[in-house]
Amino acid sequence: MAPWALLSPGVLVRTGHTVLTWGITLVLFLHDTGEPDPARPRTHPIPPLRQWEEQGELLLPLTFLLLVLGSLLLYLAVSLMDPGYVNVQPQPQEEAKEEQTAMVPQAVPLRRCRYCLVLQPLRARHCRECRRCVRRYDHHCPWMENCVGERNHPLFVAYLALQLVVLLWGLYLAWSGLHFFRPWGLWLRSSGLLCATFLLLSLFSLVAGLLLASHLYLVASNTTTWEFISSHRIAYLRQRPSNPFDRGLTRNLAHFFCGWPSGSWETLWAEGEEEGEEGSSQAV
């Protein structure tokens, strides 16, 4: 590996995420709030995590560490795995899928990508950052330095959920260690780092919560971020008044997390087209 490869954006972003995660965890474990008032004894002389540890209550500190480690492993899995790239040279299984797709009536013909020249299946899009076409493209996440697509989108949602739990727990721990007292200069020297940690956790919790809520809504309706934002520019969505891939909450969740029922998006789109035609004919 060339030395300059260690300075690539992906390596820097993932290293920064790892360092920030464990740095905040160490602050929550090791920070001492100091003596709030020299004339009075401290009501909370040590942070909750250290207090639990010194009292022999290791279950909660170990659980917190395991959740932090789990969220970090999920982050690395999502950021390093193949999001569902469309192969330039289709494998035998993909060729069979393309033959099945060709048998489905296609009101919207598949288009060839003008960048990598592959035949794009429905819901695929070319990512200029990754320089590849991604199946069921959702978005390119700069914090992951990877696309979120058909293969890693479920893990991405699981990561957001676990990360939000860790952030909210860390937010509670940071707040419980903040004891405001005067003079403010002494308080800032003793609790400034913990206060900065609390502000960072508040910001990250807000972002993670909004992201998780938005993705759960998109998953429940079987749409993607790209389709939700750019539906007016996508041919297979412009021709339909509603989402052609929506099959109800239960089936949408089952298909997203479990891959059931299986089948190509072209087949699902054609089924929705037939149902729409039957509904319009019955209305007449």
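If you go along the chain as it appears here, the first residue is 1 and each next one adds 1.
Keep in mind that glycine also has a Cβ here, set from the backbone N, Cα and C atoms.
Heads up, TrEMBL stuff is auto-annotated, nobody curated it.
Database features, via TrEMBL:
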TRANSMEM  58-78  transmembrane segment
DOMAIN    111-230  domain 'Palmitoyltransferase DHHC'
TRANSMEM  156-181  transmembrane segment
TRANSMEM  193-218  transmembrane segment
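DSSP places the residues of the domain 'Palmitoyltransferase DHHC' (111-230) in helix, strand and coil in these numbers: 66 helix, 16 strand, 38 coil. Mean per-residue pLDDT, taken over the domain 'Palmitoyltransferase DHHC' (111-230), amounts to 91.
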